[in-house]
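Database features, via TrEMBL:
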| type | residues | note |
| --- | --- | --- |
| BINDING | Gly96, Ala97, Phe129, Asp214, Glu215, Ile216, Gln217, Thr272 | pyridoxal 5'-phosphate binding site |
| BINDING | Arg132, Thr271 | N(2)-acetyl-L-ornithine binding site |
| MOD_RES | Lys243 | N6-(pyridoxal phosphate)lysine |
Amino acid sequence: MTSPLLPTYARAELSFEKGEGPWLFGRDGERYLDFGAGIAVNALGHAHPHLVQALTEQASKVWHTSNLFQIPEGERLAKRLVENTFADVVFFSNSGAEANEAAIKMARKYHAVNGHPERFRIVTFEGAFHGRTLATIAAGGQAKYLEGFGPKVEGFDQVPVEDLDALKAVIGPETAALMIEPIQGEGGIRTVSNAFLRELRNLCDSHGLLLIFDEIQTGVGRTGKLFAYEWTGVTPDIMAVAKGIGGGFPMGACLATAEAAKGMTVGTHGTTFGGNPLAMAVGNAVLDVILEPGFLKEVERKGLLLKQRLAELKDRHPGVIADVRGHGLMMGLRIVVPNTEFIAAARAEKLLVIGAGDNVARLLPPLIISDAEIGEAVKRIEAACAAIEAGQQSARLGAAQ
Ligand SMILES: *Cc1c(COP(=O)(O)O)cnc(C)c1O
């Protein structure tokens, strides 16, 4: 039967009935260990009791009022985000791309109200992913996402990561901001060096540019800090957040200093759904858990455990795993064979992992993953490696005959 859904996704032949913590129960009767977490979204796993309670309680009170009225749950969530970050103000959106759109508009408006409307260009970095709206595909700069959608939105320049000379060469009188993911997610779990991020901060300071961090994937505890910038010694002016912040409820946020946000006055930006009471209730509940004393330390410890176990696997299976990379519970395996083959082999072992650029398979388990479940995932990855090696061996034997 053909699907009435727009066929923009190559979906696996698999659907799920329910979830519990890091486990998903497939309609095929199998239980899957979820090391994708909905692409780093289900930060607290599936059906977390505290989130279920927050959502259902709010659902019986009020779902939506519009941003024409006060939303106390949103005030509270914004206050908590501000207290725990560099930021002074927060704009809530429905998605990551919209959080980035807010960041881009804010950076341009900042210069406009400073008397420099000609400063609208934003420098981004090769391998970036910032979303699928017209502006964010231009920001990401990937030909495969731009092709066929008309002229690329004007005002984005792209240089290679870690190439300081190229960056300096592209900054000009029209430049407004630099925009970067501290660890590229879709690009293949590629960590940007702290030294390079420091150079970005210095360049921003010396040229009067704003520094935008896209922490949509790295944020909300994923790397073992609330936000990845805390590892880097560098503070952005504007930060886009989404994915984990809603634990599976669609929401995003654009955080900024008061200075960077000074152009965003009444009427300059808006959203119908962003920051609605349902999203805010769940966002607060996610923070309740992640800000519990010791929670992030545990993420850090479990990240190190996972990394160590993956490094052992790489040593045992060099024909399948070429490289282990990432930070905290945002790990990537660069795969020797096509990563799609590895992802299918893992799925045959009832382990869900996600592809990324650079032939990487991403491991993004829920942050509540236990040591035993990490051990279980490692066992299943090992089995997937063995299955691929067995296939390679029989292919070699077949070729020799
Ligand atoms: C997922 C992602 C986005 C886009 O978020 P959507 O919610 O899909 O719009 C943008 N930037 C980064 C770094 C992401 O990982």
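Just so it is clear, glycine is given a Cβ too, placed from its N, Cα and C backbone atoms.
Since the structure is predicted, the reported quantities are computational estimates derived from the model, not experimental observations.
Feature annotations (TrEMBL) mapped to structure.
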residue: Gly96; record: pyridoxal 5'-phosphate binding site; DSSP class: helix
residue: Phe129; record: pyridoxal 5'-phosphate binding site; DSSP class: coil
residue: Asp214; record: pyridoxal 5'-phosphate binding site; DSSP class: strand
residue: Lys243; record: N6-(pyridoxal phosphate)lysine; DSSP class: helix
residue: Thr271; record: N(2)-acetyl-L-ornithine binding site; DSSP class: coil
If you count CB neighbours within 10 Å, which one among the binding-site residues Ala97, Ile216 has the smallest count?
Ala97
Among Gly96, Ala97, Phe129, Asp214, Glu215, Ile216, Gln217, Thr272, listed as contacts of pyridoxal 5'-phosphate, what is the widest Cα spread in Å, to the nearest whole number?
25
Work out how many Å separate Glu215 (pyridoxal 5'-phosphate binding site) and Lys243 (N6-(pyridoxal phosphate)lysine) at their Cα atoms, rounded off.
9
Determine the binding-site residues, out of Glu215, Thr271, Thr272, lying near ligand 1 in the sense that the CB is under 6 Å from one of its atoms, and give them in sequence order.
none
Integer Cα-Cα distance in angstrom, Asp214 (pyridoxal 5'-phosphate binding site) to Thr271 (N(2)-acetyl-L-ornithine binding site):
20
Between Ile216 (pyridoxal 5'-phosphate binding site) and Lys243 (N6-(pyridoxal phosphate)lysine), how many Å separate their Cα atoms?
6
Reported as an integer number of Å, what is the Cα distance between Thr272 (pyridoxal 5'-phosphate binding site) and the residue listed as 'N6-(pyridoxal phosphate)lysine'?
19
Tell me, in order along the sequence, which binding-site residues from Gly96, Phe129, Arg132, Thr271 have their CA within 10 Å of the residue listed as 'N6-(pyridoxal phosphate)lysine'.
Gly96
